[in-house]
Amino acid sequence: MAAPESQNLATPSALRNAFGSVLSVLILVLIGVLAFSIRLFSVIKYESVIHEFDPYFNYRVTQFLSKNGIYEFWNWFDDRTWYPLGRVIGGTVYPGLTLTAGTIWWVVNSLNIPLSVETVCVFTAPVFSAFASWATYLLTKEVKGSGAGLAAAALLAMVPSYISRSVAGSYDNEAVAIFALIFTFYLYIKTLNTGSLFYATLNALAYFYMVCSWGGYTFIINLIPMHVLMCIVTGRYSPRLYIAYAPFVVLGTLLAALVPVVGFNAVLTSEHFASFLVFIIIHVVALVYYIKGNLSPKMFKVAVTLVVSIGLVVCFIVVAVLVALVASSPTKGWSGRSLSLLDPTYASKYIPIIASVSEHQPPTWPSYFMDINVLAFLVPAGIVACFSPLSDASSFVILYIVMSVYFSGVMVRLMLVFAPAACIMSGIALSQAFDVFTGSIKYQLGGSSKSKDDAEDNTSTNNAPKDDASTGKTDKVEEIAKERSSKKGKKKEREPAEKPSIRSKIAKKKALVLPLEASIVALLLLIMLGAFYVIHCVWAAAEAYSAPSIVLTSQNRDGLHVFDDFRESYAWLSHNTDVDDKVASWWDYGYQTTAMANRTVIVDNNTWNNTHIATVGTAMSSPEKAAWEIFNSLDVKYVLVVFGGLIGYPSDDINKFLWMVRIGGGEFSHIKEADYLRDGQYRIDSEATPTMLNCLMYKLSYYRFVETDGKGYDRVRRTEIGKKNFKLTHFDEVFTSHHWMVRIYKLKPQKNRIRGRVKKLKSKTSSGSFTKTEKKNPWI
Amino acid sequence: MRMAAKCPLLIIINGLRVKESPMLSQPFKLRKVFLLHVNSPADDPSSVGIYFFRIAISLDEMGARIWIFSVVVAVFLSLSGFSSAQDLQIVNAERRIDVSSHIVKAFLTLKVENIGKSPVAEMLLAFPPTQIKNLAMVQALAITGKKKKKTYLPLDVKPTELSGPPNDAGHFSISFASPLGPGETVTLEVLYILTHSLEPFPMEIAQSESQLVYYRDSAVILSPYHIKQQTTFFKTPSTRVESFTSVEPANRAGKEIKYGPYEDRAPYSYTPVIVHFENNSPFAVVEELVREIEISHWGSLQITENYKLTHGGARHKGVFSRVDYQSKRSISGASSFIGLLAVLPPRVNSVYYRDEIGNISTSHLRTGFRKSELEFEPRYPLFGGWRATFIIGYRVPLEDYLFEASDGRRYLNFTFGCPLVETVVNKLTVKVVLPEGSKDPSAVLPFTVNQDLQVKYSYLDIVGRTVVVLQKDNVVPTHNVPFQVYYTFKPIYMLAEPFMLVSAFFFVFVASLAYVHIDLNIAKK
């Protein structure tokens with residue numbers, strides 16, 4: 001973007017201009033490198049491995065894609081999950097991330113660079129965060145010039161909230177979706193600023209990529225119409241707005257409908273209705289403006305009354321149809337996750353499966369400080385800066401931040417959408433502040449050394465005609481950004497050359513000139529603030545967000561201790577069980593089991609079938625025999641539980657157990673949460689209820705646990721367990737990992753005793769009575 | 001019958017283990033009589049025809065484990081068999097069979113005498129068919145000099161096909177350093193190694209049981225020659241020996257079972273014995289090992305080894321209890337193993353140990369001047385029948401292993417075999433990836449392997465790299481001997497890839513320069 005544009009290299013101003021462009025390209029490259037490398041802590045501290053849960057599924061899908069090709073991928077029916085239902089992967093997955101990584105892998109391999117699919121997947125997120133920071137630069141440049149753009153890009157490159165979802169190995173949809181989101185917004189604003197149909201088409205394509213990548217695309221398809229509506233209401237309608245919006249909706253919706261997982265939802269669900277409504281409104285408004293231009297004011301008034309009366313009738317009909325459509329669907333046309341966005345208490349009330357996921361909870365205040373740090377203080381300043389002057393672009397950014405603040409307050413996961421907005425705002429704020437302070441300093445110093453050199457007027461040098469939002473400001477802002485990143489000596493060297501241009505501008509708004517000392521102090525404080533932000537981000541990247549969660553480490557006196565129990569058990573399952581065996585576990589471990597152990601699971605993290613999950617929850621909450629029957633009916637051979645009591649791993653199945661009870665109880669009424677609680681308290685010690693002490697989860701977790709220390713002290717719950725010595729009647733322990741974190745049990749085969757009886761009967765009695773005994777046999 | 005009169009007839013009645021089954025009511029039951037091999041001499045009276053009957057007999061004696069062993073009837077009616085067989089005889093033979101690990105090592109000391117009239121250049125070793133397929137290696141040394149001045153001279157050993165011998169017995173021929181003249185004697189040391197020859201019994205054991213195995217062999221040495229005197233020793237890993245076939249004189253002392261001495265046994269005498277003993281040594285069997293050695297002329301050898309490891313002993317049965325495994329380590333899981341040791345070259349660097357789902361953190365590397373040792377553990381302890389896969393990769397400096405031959409060719413000198421100690425590899429594939437542009441590859445090995453050529457495309461390759469594929473089954477640690485791969489290579493090819501990269505970047509910059517300077521607008525502004 002910032003390639004030297006000036007043809008006339010002879011004049012010093014053009015040379016300086018070109019130099020600035022090259023410098024900003026260099027800075028952008030460095031920002032990209034920063035964004036990429038700050039996310040490599042996970043590889044350096046741990047290893048190049050896929051993280052957590054969902055990334056394992058994406059990894060598995062990518063493996064399938066790279067092995068079988070795109071057509072097989074669209075038709076993929078996965079029979080290794082949700083046994084016996086299976087899952088249509090091609091039609092239920094957002095394919096953007098998978099296709100992106102698959103394409104990268106294909107390109108790299110056709111160049112004979114033998115990278116494994118895993119390596120490509122691990123590094124997709126860091127690469128795309130570099131892209132995202134460049135997209136942020138472009139977006140902010142459209143709003144407030146390239147200085148703000150560079151500042152925003154640098155902030156986004158290391159914002160902890162985004163790092164948390166895009167460290168190397170975090171191979172999740174958000175990794176590419178944030179880039180797609182910012183880039184779509186950039187193209188929208190670019191179209192808005194230029195009125196170019198070329199950018200409008202690109203915008204629709206970027207939106208298509210976003211739809212492919214993440215369910216969060218609904219944020220775009222609601223935010224842009226809102227902005228268009230806002231522009232119309234505040235009288236900012238222009239043909240550019242029409243060009244920016246109308247092709248986007250038409251093309252974007254058509255393209256979105258191409259994605260199998262969205263399909264007709266792109267026109268049928270309520271999340272998309274706002275865009276169509278605004279589409280109608282903008283046409284009405286465009287028509288009005290057109291007619292207004294053609295008619296005399298008197299005729300126009302007549303036309304207005306005519307149109308308004310007809311328009312009201314049409315609107316009424318449309319609204320009636322919409323209401324009828326919406327009312328006919330059970331959830332009023334909104335998906336559960338979307339509903340919980342509008343009503344934050346919706347999920348916890350009605351859908352325990354959504355509420356049970358920690359990232360669907362509302363965030364706490366400390367998490368704002370953790371995730372965006374000092375940006376929280378800079379955002380208001382940025383909003384103020386956007387109001388002076390208010391342009392189409394800056395109003396969009398304001399709307400973006402307001403909406404994303406609300407959404408992030410509902411669901412902690414959407415902090416991710418808020419973070420780019422916060423970076424853009426803070427970038428603008430920082431840039432404007434530096435602008436004012438350095439301008440003041442230059443003015444104060446320049447006043448004493450006026451006669452040193454006189455140079456040409458520079459006000460109209462830069463790409464001013466391109467930005468109608470920030471005409472003439474870009475140049476100055478860019479210089480400031482340069483100073484920030486360059487050494488002080490360099491800065492002094494260039495100072496005299498800049499003076500005239502700055503002086504001429506500062507003369508225009510002398511009101512902003514501050515005293516020299518105050519400016520210097522404020523600058524230092526700002527730099528300190530920035531330094532604090534950088535330190536915090538590096539700390540967050542290194543310490544807080546880099547753990548892959550499948551391997552845990554603890555630092556103690558003897559040095560680093562590694563807990564690699566999950567992979568130990570998955571490897572065991574993968575090598576020592578039959579390839580068609582079914583493994584039951586709580587849904588959290590479904591994706592990992594299919595990806596790492598390559599075994600069929602009953603439920604996984606794609607929680608599409610509540611009843612199926614409730615069945616597993618019920619089995620875990622039932623006594624041994626009932627659980628055995630449930631599992632046997634599901635053809636399960638192994639049951640996997642995660643137990644942290646020996647080493648103190650808090651997110652184990654016993655701590656998740658109440659969710660199993662709740663979800664199970666939601667479908668099967670004989671499971672009651674109250675049976676598992678003693679006076680409303682969840683406990684596993686001797687005070688626990690008999691239902692709790694006899695349920696399968698308790699037994700599988702604590703089987704022979706007492707033999708480790710003689711008391712059965714649970715280090716997570718910090719108590720001795722309630723029932724210590726018991727035998728399993730329907731399950732056999734077949735594997736327990738080194739630190740007991742994963743325990744795998746095998747269902748005992750159907751009882752021999754009864755089969756023996758059948759055999760005896762067979763030999764003694766005739767076939768007629770044999771069928772009678774068979775009916776009695778509960779095992780067959 | 002003329003045929004019967006001319007042919008040596010060997011009948012072995014081979015006792016099989018008695019089933020402890022109440023179904024078997026007869027005390028003595030003839031289960032199978034089958035004709036294994038008939039080589040009819042009707043057309044060729046000079047060849048040796050043998051009728052070989054194996055009569056398997058099952059016995060039941062009040063539930064006790066009884067082993068019936070054989071009666072060997074070897075009747076030689078023909079004198080027209082092997083001419084050399086009659087020229088040589090073994091004066092004294094001692095055999096020490098070490099069954100303390102799962103790799104059975106047998107040391108034979110043979111004193112061979114030429115009793116014929118003409119010099120003999122080679123002698124034969126015979127192995128029963130059950131052993132020949134598990135025979136990993138045979139080595140022979142000639143001992144010259146006495147006592148302190150003993151010198152060992154390695155001899156050439158190669159498998160030979162004989163049409164005559166009984167029951168598909170396999171043969172190896174040992175070439176003497178110099179033909180053995182009439183009346184002369186020579187002392188030979190023969191080492192042969194058997195794999196998969198310990199059969200676990202019981203086949204399945206629980207976690208707390210220790211592993212018992214059978215070893216089947218003959219009390220007398222199978223040989224095409226007359227053996228005047230022979231002794232066989234079995235060395236068991238512990239003093240716990242459940243049973244062994246008694247062929248008088250046979251006795252056991254501590255960890256040693258002694259069969260013999262037996263006098264004057266005819267050629268192809270065979271007296272099957274079974275030893276049933278405890279063996280808890282790690283039965284580490286690598287089912288498949290693929291070693292890829294990639295030569296980079298930029299200064300390193302990258303070695304990547306893909307292992308498919310299994311526990312080849314008695315299958316694990318029932319539960320695996322971690323609490324038992326951790327607290328009662330001595331009695332629980334005695335036959336399982338967790339720690340493995342790989343001996344890597346010295347100056348090894350960038351060692352990694354991982355599997356398909358990521359790094360495995362339980363490993364420890366010690367580097368030394370003569371060798372490096374990588375101690376590592378699979379993700380979980382291996383019980384009988386359990387499997388694990390893993391990858392070990394490392395890099396060594398090129399100058400230690402790549403040399404220039406006198407004729408200008410280059411050659412790689414690297415170790416064949418598996419770096420894991422005390423491990424059997426069922427199928428070993430060594431792939432030597434030569435640099436791009438190499439020509440005329442040839443491999444030199446001290447034993448026969450299957451050779452093949454492939455092409456591999458690696459970093460920015462255009463024509464691909466030649467891969468020399470060496471494949472061998474049944475590899476034991478004694479196969480860890482150097483081998484050489486010769487090839488020709490012009491150093492100019494090393495610059496191909498850097499040049500490609502440089503030119504690619506150059507074109508990118510030229511293209512962007514051109515893009516900036518060319519006005520693509522249709523209408524002038």
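Cβ atoms here come from the backbone N, Cα and C positions, even for glycine.
Sequence annotations record features per position, and here TrEMBL assigns compositional bias 'Basic and acidic residues' to A:465-501.
Sequence annotations record features per position, and here TrEMBL assigns domain 'Oligosaccharyl transferase STT3 N-terminal' to A:22-425.
Per TrEMBL, the feature domain 'STT3/PglB/AglB core' maps to A:580-639.
Residues annotated as region 'Disordered' in TrEMBL: A:447-501.
According to TrEMBL, the feature transmembrane segment maps to A:21-44 (among others).
Per TrEMBL, transmembrane segment is recorded for A:88-108 (among others).
Cβ atoms under 8 Å from those of the transmembrane segment (A:120-139) belong to residues 1, 28, 31-33, 35-37, 39-40, 43, 48-50, 55, 58-59, 62, 97, 100-101, 104-105, 108, 146, 149-150, 152-154, 156-157, 162-163, 165-172, 175-176, 178-179, 182-183, 185-186, 189-190, 420, 423-424, 427 of the same chain, restricted to positions at least 6 beyond its ends. Positions annotated as transmembrane segment by TrEMBL: A:120-139 (among others).
If you look up TrEMBL, you'll see A:145-163 (among others) marked as transmembrane segment. Away from its own ends, the transmembrane segment (A:145-163) comes close to residues 2, 24, 27-28, 31-32, 34-35, 38-39, 129-130, 132-134, 136-139, 178, 370-373, 375, 415-416, 418-420, 422-424, 426-428, 430-432, 434-435, 467, 470, 473-474, 476-481, 484, 533-534, 536-538, 540-541, 544-545 of its chain (Cβ-Cβ under 8 Å, at least six residues beyond either end).
Taken from TrEMBL, the feature transmembrane segment applies to A:175-200 (among others). Through the fold, the transmembrane segment (A:175-200) approaches residues 96-97, 100, 124-125, 128-129, 131-132, 135-136, 138-139, 142-143, 162, 165-166, 206-207, 209-210, 213-214, 216-217, 219-220, 224, 238-241, 243-244, 247-248, 392-393, 396, 400, 416-417, 420, 466-469 of its own chain, all at least 6 residues removed from its boundaries and within a Cβ separation under 8 Å.
The transmembrane segment annotation in TrEMBL covers A:206-230 (among others).
Same-chain residues lying 6+ beyond the ends of the transmembrane segment (A:242-267) with a Cβ under 8 Å from its Cβ atoms: 74, 90-95, 188, 191-192, 195-197, 200-201, 203-205, 207-208, 211-212, 217, 221, 224-225, 228, 275-276, 278-279, 282-283, 286. The annotation transmembrane segment is assigned in TrEMBL to A:242-267 (among others).
Taken from TrEMBL, the feature transmembrane segment covers A:273-291 (among others). Through the fold, the transmembrane segment (A:273-291) approaches residues 221-222, 224-226, 228-229, 232, 237, 239, 241-242, 245-246, 249-250, 253, 267, 300, 303-304, 307, 311, 318, 322 of its own chain, all at least 6 residues removed from its boundaries and within a Cβ separation under 8 Å.
TrEMBL lists A:303-327 (among others) with the feature transmembrane segment. Outside the transmembrane segment (A:303-327) by six or more residues, the chain places 270, 273, 280, 284, 287-288, 291, 295, 333 with a CB less than 8 A from a CB of the stretch.
Annotation comment: TrEMBL describes A:397-418 (among others) as transmembrane segment. Note on the transmembrane segment (A:397-418): residues 143, 161-162, 164-165, 174, 178, 181, 185, 216, 219, 222-223, 226-227, 230, 340-341, 344, 358-363, 367-368, 371-372, 379, 382-383, 386-387, 424-425, 428 of its chain, located 6 or more positions outside it, place their CB under 8 angstroms from a CB of the stretch.
Residues or ranges marked as transmembrane segment by TrEMBL: A:511-535 (among others).
DSSP places the residues of the domain 'STT3/PglB/AglB core' (A:580-639) in helix, strand and coil in these numbers: 33 helix, 8 strand, 19 coil. Sequence-distant contacts of the transmembrane segment (A:21-44) (same chain, at least 6 residues past either end, Cβ-Cβ under 8 Å): 2-5, 51, 122, 125-127, 129-134, 137, 146, 150, 153-154, 156-158, 163, 166-170, 478, 481-482, 485, 537-538, 541-542, 545-548.
Mean pLDDT for the domain 'Oligosaccharyl transferase STT3 N-terminal' (A:22-425) in this predicted model: 88.
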